[in-house]
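Okay, so here's the structure we're looking at.
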Amino acid sequence: MIPDHLFEEGINYSLLRKDMKHLQLNRIVYEKSQRDYEREQRNLLSSQDGDTCEMHDQFYRDHKLLLVLFRALAVMPITRSRPGTITFSWKSRATAYAIFFYIVTTVIVLIVGYERIMILRSTKKFDDYIYAILFVAFLVPHFWIPFVGWGVAHQVAIYKTNWGKFQVRYYRITGENLQFPNLRTTIVIISVGCLLLAVGFLLSLCALLDGFILRHTTAYYHIITMINMNCALWYINCKGIKIASQSLSKCFHRDVEVECTASLISSYRYLWLNLSELLQSLGNAYARTYSTYCLFMFFNITIAVYGALSEIVDHGFRFSFKEMGLFVDAAYCSTLLFIFADCSHKATLQVAAGVQDTLLSIDVLSVDRPTQKEIDHFIQAIEMNPAVVSLKGYAHVNRELLTSAISMIAIYLIVLLQFKISLPKDPSNI
């Protein structure tokens, strides 16, 4: 995040003073317009002031429900401890609740996990062994919650706080508050949908897959809900950045039509850099969470698709409940992975597109030399700061992630199917 004092220097730099001096020299009396007066009043605001951030932080108010649900699931115990600031503390009540909830659910997961492992150990057939691994794999996300949830809570709190600072700066430059139309309604629908999807998914697996009894589903509800909510949270964060990018582009185009000055271009350049850093910090803050998330999805898709194909190889295209259950699992994980990658791709496309179009549409021959230099600096800043969501360098989250995942899964499926074909035929299946 650009420090406040550097942001101040960027939007109140010497070119602005030169512009004012030039106006004063060419006018006998300088009458301050209403636009200039409002701008001066906005420049008195500070993004370091908690009350100011609280007033302008519409994004937090809209997606607060998601954060509450994450606290309820003991995944991300961050709180709004003071106005405009989101914090994480090991001594907070939210963390104490998270530890208690985690201990209780761990007991349930261990009991069910022990039974699933016993079933796994008693399995002799290769296909059934692979099939049994699937149920154990869905329990694994529970045990990495302290690592991918609590372990990154401090970075996530900083990222969420920076959203409030950005919205104050957005208001100072554009003169209007950043709005997220229908975002709150979307979050309510998504949150309810995540809960219903978890119940429906587990009940469908219980009905379709042999050996997955209803009692065992009690250990999976919070895990599947957490997986759904992680996908929803990433989608909402990307949607927020996409909306902010579109709003910034519209305001920039509007202001350039009114006055195309060096100070205006410089102010929007710093604001755009702030938004670009916000996009990059999204991937850095959640790097652990979504790196393990992707690995989990890759593994489950591979096992589920292999199990379904193995059934088809053995019994032909006579679709059984088992095959349908495996296809449901594969479709579920594939859909979540697609949403994760696709929303990131769409957000990155919007960050620079509108601003760059406006810059390239400016007639540089009709503006003064300082403004031409600022336009060049802005274009260079866009080129040197590409809009990319990176999980701390381990992977870029875009549609290319999907193609690489498909190729990797295909390779493992070929290896598993070759291994299956090389095994002796079971007389019972002939």
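Positions of Cβ are set from backbone N, Cα and C atoms, glycine also.
Just so you know, TrEMBL annotations are computer predictions that nobody has curated.
Per TrEMBL, the feature transmembrane segment maps to 94-117 (among others).
For 129-153 (among others), the entry in TrEMBL reads transmembrane segment. Cβ atoms under 8 Å from those of the transmembrane segment (129-153) belong to residues 74-78, 88, 95, 98, 102, 105-106, 109, 112-113, 116-117, 119-120, 123, 211-212, 216, 219-220, 222-224, 226-227, 285-289, 292-293, 296, 299-300, 303-304, 306-307, 310, 326, 329, 416 of the same chain, restricted to positions at least 6 beyond its ends.
The feature transmembrane segment is assigned by TrEMBL to 187-212 (among others).
Annotation source TrEMBL lists transmembrane segment at 219-236 (among others).
Sequence annotations record features per position, and here TrEMBL assigns transmembrane segment to 290-309 (among others). Beyond its flanks by at least six residues, the transmembrane segment (290-309) meets 127, 130-131, 133-134, 137-138, 140-141, 144, 147-148, 227, 230, 234, 283, 322-323, 326-327, 329-330, 333-334, 336-337, 340, 391, 394-395, 397, 401, 405, 408-409, 412-413, 416-417 of its own chain at Cβ-Cβ distances under 8 Å.
Per TrEMBL, transmembrane segment is recorded for 321-341 (among others). Residues 131, 134, 201, 204-205, 207-210, 227-228, 231, 234-235, 290, 293-294, 297-298, 300-301, 304-305, 307-308, 311-312, 397-399, 401-402, 405 of the same chain lie 6+ residues outside the transmembrane segment (321-341) yet bring a C-beta within less than 8 angstroms of a C-beta in it.
The transmembrane segment annotation in TrEMBL covers 401-419 (among others). When Cβ-Cβ distances below 8 Å are used as the criterion, the transmembrane segment (401-419) is approached by residues 126, 130, 294, 297-298, 301-302, 305-306, 309-310, 313, 337-338, 341-342, 395 of the same chain, each at least six residues removed from its ends.
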